[in-house]
Structure formats: structure tokens, C-alpha cells
């Protein structure tokens, strides 16, 4: 049996875009049932009156404003007819509970909000007599307000500020919001002077046209960068690589220079206090540690650059092809808008239903205030948790639909040999295939991310609640668990994305696609590391380029405002929006590059360019393959010459029987030559890198340590080597043994093609 109960296949036959069938149908049904449950929660809040209480408001006795109410058992003044009283009025609107984020005041249903300030109880009486809107408790007559002794607790706090109703939610809100100063201070804690806040807000109001224009500029720059990055990727990648290497060398040199300078001149003064001597010695040791660590980092970086230099060319080629994809599929640029719109609509719906849940349930009297509130009790209280899980799962589902749509379009582009015969709208075709065949696969992948994300969010909530109360051990344990779950979530996201691409290619289930994609990625481990390291860094610099360009344009446009303090908030808004836009667009570019790499790896594994097995790849990738083949042939010729010379020297010692074995081995190696060349290169380079890393570690320890500590450091290096090298080697060997032999190299056509190419 295979993953999740699927039948294990002995050999994967990749048939791009040939057969289509529904995948993970049970998960689609499960997700449909879950969405029906989400809709049932909304229906429950509407039927039980929670939605009406939120929109129309309700008083402190459980009566909904603007309608006839039923009496609540045990609650006085409930069951009143409030058909003419459509607005909620708070007796003390400034009594805000900052922790619970709600108003701690008695609420009444009134027919009209006071539009002017009422300073005395006579004013309350006059307002009630003229407008018919009684602002005190229902059991008090309006003409008796000044004479009743309970007016202090049952009438609004004087003076009553002028208010106006909210457009939709029918709450009387004070016109002057200065009474919410404490709440504003709790929200905006970094502003100490109200004048500064007013100036910043005034700056935003005065520059709103410029802010909108700069946001549009960031949008246009992001779309342009996705197209032109194909032309500047080569220069950009090599410049960045050179800068990183030169920067690490310069930093290491400066640290060693500081250490030597400290050793030469730091101890020149003879009259020193003992404390100064100890401080100088500690500084010298710290500089030595920093310089040694920087040296090790620089050497490892140089080794990585040395062994990955050939794969940087693959990253450049993939960037070039990705730019062409956006030219042939311009609708890909609309994917961030569609995804953002879908997420926005779902989040608005989710927040509204959450607010409906806050006003649903059974009426309960608050023991502290005596006011009537509606709370979910019993099994109904788990509806909020169900609703929270729905937020994570459906959000991940929408993001996964975007990844599957982009992957389907890119797969169609890659595996169509004649680009002139592409569908009219590959994006629309990909969406239709997703809706018809693969919604279950997307739902399953989103659920796996949800299983990791929810525990991480729960641990983050616990960490915030216990901040300052837990001990150091528990704090460290919580942070470690959160970090591990975050890393696991990132790894699963990357694997899911490749699984969606494999599903778009072969129309297989999620587990089968994830397994196949993982095998392909493991076989190309160094290429994956290079593309993710170099490619992500280039895309990050692209985001920084868009942000800095937009900020520079903002400085030029805001230059007419001589009050430089007013620049701050508009520039922050523009920079945040430009980074968000750049991240959304370049994330689509990153998905395209990852899908192209998976298609390229499959193409090079199962095709060899011979008749009947032609490559699907673009010219830029073909040039990379040809250059790699020329290099491999040169290496093979060099090794064969060495073997021939050694064999000539050893020829008299070989017996006839062993010649037969050698001949069979030679023929077997000839048959599997292509496979060994294709799959062994990554493995051999990884072995060479690990051996060189061990030698460099021993050399650095020999230089930096004394003779007494050299043996200890050498033993530590050997232990690290054995703990890192052997498990990694065993993992790669185990994965390679699990692979079914690819059908391409074993055929006679590929064999003859290999012999012809070598000749």
C-alpha cells in the first residue's frame, strides 16, 4: 500500500496533460460538509436573532430595538414593544472597558439621539417632552425626571454629549470622540503628544491623492518587474553573488585586523589596573571568536558558491523562461487581485458571522453589572471554535486554489511543444480543471496546513497570555515549539505547492503527487537549494527595489510640504502598501519558477532528446542542458582515460574468468550509463562538499587552537562529521534505492543516443 491507502506503483509513468480524473473525492465531500456547517452557523445566528441584535441593537433588558419583543423569564422590563424606538443609547458612552473592548454602560432603546448637549435634568425632561424620546430607564416617566431620587443611577451621566446614529448599526455615537481618549491611548501607545497625532492625520488627509498615486505606481512597477526580470536576471544574480562573497571576505578581514591590532597595541600600556587587564583579555577572546566564526562562515560560503556555480545558471534560465510565461499568459498578473478579492469577501463574511455569534445564545444576567447579555452556553459554545477552524482551513483553501491554478497554467505552457497552439485562455482552462477534477486535492492539502497552523496559533496565544508570568524554561520551550511548527508549516507549504504541480501534470491524488514531487526534489537537492537561495534573494531584492523606488517618488512628490513631520505617516502607508503589492505579485513569479523547475526536472529525467523522447523545454533551458552535457562528457572522458591507463598496467594480472565478469559489468554500466550520469552527479558533489567541509574544519581548528586543545577540537569535528555525513549519506542512498529505474535510459534508442553523443 502507498501513501494514505493508495496502491503503490512500481514505476511512475508521467503522462502530462493526457488523462484527467477526479482526485481525492472523499476530501471534497468532507470539505463540502464542513462549508455547509459554516453556513449553518450563519443561519443559526439569523434564526435565533443574533444578527438582528447586532444590526438593530438591543438594550440592557434583552429587548431588540425597532421590533416587538417576547418576554424573557426572570428579567424585568423585557418583552417591550420597541417598534418606534430604533436607536441604542448608552447612559455613559465614555465608560469603556479597554480589556474587554466594550462599553460598560446601561443601554436603552430610544426614538431619537440627542443632537445637542443636555446639561441638566430639566434639559432631559424638555428633550423627552418635545421629541418623545425618553433617555432614562423605562420605569421612569419623562416629566418626573428632576424629582425622582433614582435619577442618578437610571438616567444618563450629565452632561449628555451630542450624538448621531451610526449609518447601519443604529447606535447613538458621541460627535466628540474625546471621551474615548483612554481607549485611543491604549490602541496608539507610541504617540505621546496629541498634537503629533493630529499633525500626522492631517498630513495623510492633505496627501491622499499622492498616496493613491504612489500605490498605483507600486502596482505598475510590480507588474513591469515580473516581465523585465528575465532580461536582468543574469546580471543581477552574478552581481549579488559577487557582492555577498566580497562582503563576507571584507567582514572577515576587518575582524582579523581588529584582533591583530588589539593583540599588538592593546597590551602596550604597562600601568593597567587588574580590571582593565581582564577586560582587555575578554575583548581579545571575543574578537578571536568573532573572527573565527566569520572565517568558517566565509569558507563554507565559498565552498557553496564553488559547488553551486553551475546551478546558478539554471536559476537564471528559469527566471528567463518565467518572464516568457507572463508574456504568453498575461492573465497571471490578475491572480493576486482575484485571490485578494476572494479572501476579502470571505474575511468580511467570517467577521460578520463572528459578531453575530457574539449576540446569539441565551440571555444571561451579568453578576457584576446586572445587565442582560447573550452568551452561547452548553454545546453551542463550540460553534466559535468551529468557526475559527473554518477561518484557517478556508483561507488556506483559497490560497491553495491560487497555487493550483497557476501550476495548471504553467504546466500547460511547458508541456505544449508548439506555443502557438496554446489554449485561448490557459488560466480559465486551469480554473475549470481545478473545479471539475481537483478540488478534493486542494482541500486535503489545505487541511494538512491547518493541522499545523492551529497548534502554532494556540501556542502563540498561550505565550502572549503568560507573558511575564512563566519561567525561563517554559518560555524557551514554548518558543521552541512555535519555531518548530513554523518551520514544519513552511516545509509543508513548499511540498504542497509541488504536489499541486504534480497533480496538474499527472492528475494523481494528493499523497501520490506529494510522494512523486518529493522524489524529484530529493534527486535534485542541490538544484533546489540553489534556486530557493538565489531565487528568493533576487525576488526579495526586487521587493526592496519597488519599495525604495516608490518611497523615493513619494519624497519627491511630498517635497512641497515643508513640515517634514507630516511626511512620516504617508510614507509609511505607501511603503507598506508597495511591499504588500510587490510580495503578492512576486510570490506568483516564485510559484511559476518552482513549477517550471519541477517540469524541467521531470522532462530531463524521462526524456533525452531522441526521436520519440523529445524535450518539452524552452531554448534557454535547452542551452543549459547542452552545456551540462558537454561538461559531463568531458568529465567522463577524463575518468575513462584514467581507468584505461590503470587497466593497461593491471592487464597481466587479470584472469580469464574475471575478464568475463568485467565484461558483463562493463556492458551493464554501458546500459545504465545515462542513469548514473543523471542521478549520481548531485550525490557525488554532495560527498565532495562534505569531505572538503571536514578538512576545512580540521584546518581551522589547527590554526586557531593550541596543541593541548587540538585533539579535543579534532574529535569534535570527527563526531560532527559522523553525525552529519553518515545520516545524510544514508538518507540519499536509501531514497536512491527506493527509486524505480527510469524507463528512458534502459531503452535501446537512448543507449544508442548516448553512444552517439559520446563519440
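Even glycines carry a Cβ here, placed using N, Cα and C.
Between the listed ranges 137-167, 168-198, 385-415, TrEMBL ties the annotation transmembrane segment to 385-415. Listed ranges 512-536, 537-561, 612-636; the one TrEMBL annotates as transmembrane segment is 537-561.
Among the ranges 70-89, 90-109, 110-129, 210-229, the stretch that TrEMBL annotates as transmembrane segment is 210-229. Contact between the transmembrane segment (236-259) and the transmembrane segment (287-307) is supported by 3 or more Cβ pairs under 8 Å, counting only residues 6 or more apart in sequence.
Listed by sequence, the residues of this chain that lie at least six past the ends of the transmembrane segment (567-600) yet keep a Cβ under 8 A from its Cβ atoms are 200-201, 203-204, 207, 210-211, 214-215, 218-219, 221-223, 225-226, 229, 314, 318-319, 321-322, 325-326, 332-333, 335-336, 339-340, 403, 406-407, 410-411, 414-415, 494, 497-498, 501-502, 505, 517, 520-521, 524, 527-528, 531, 535-536, 539, 542-543, 546-547, 550-551, 554-555, 558, 561, 616-617, 621.
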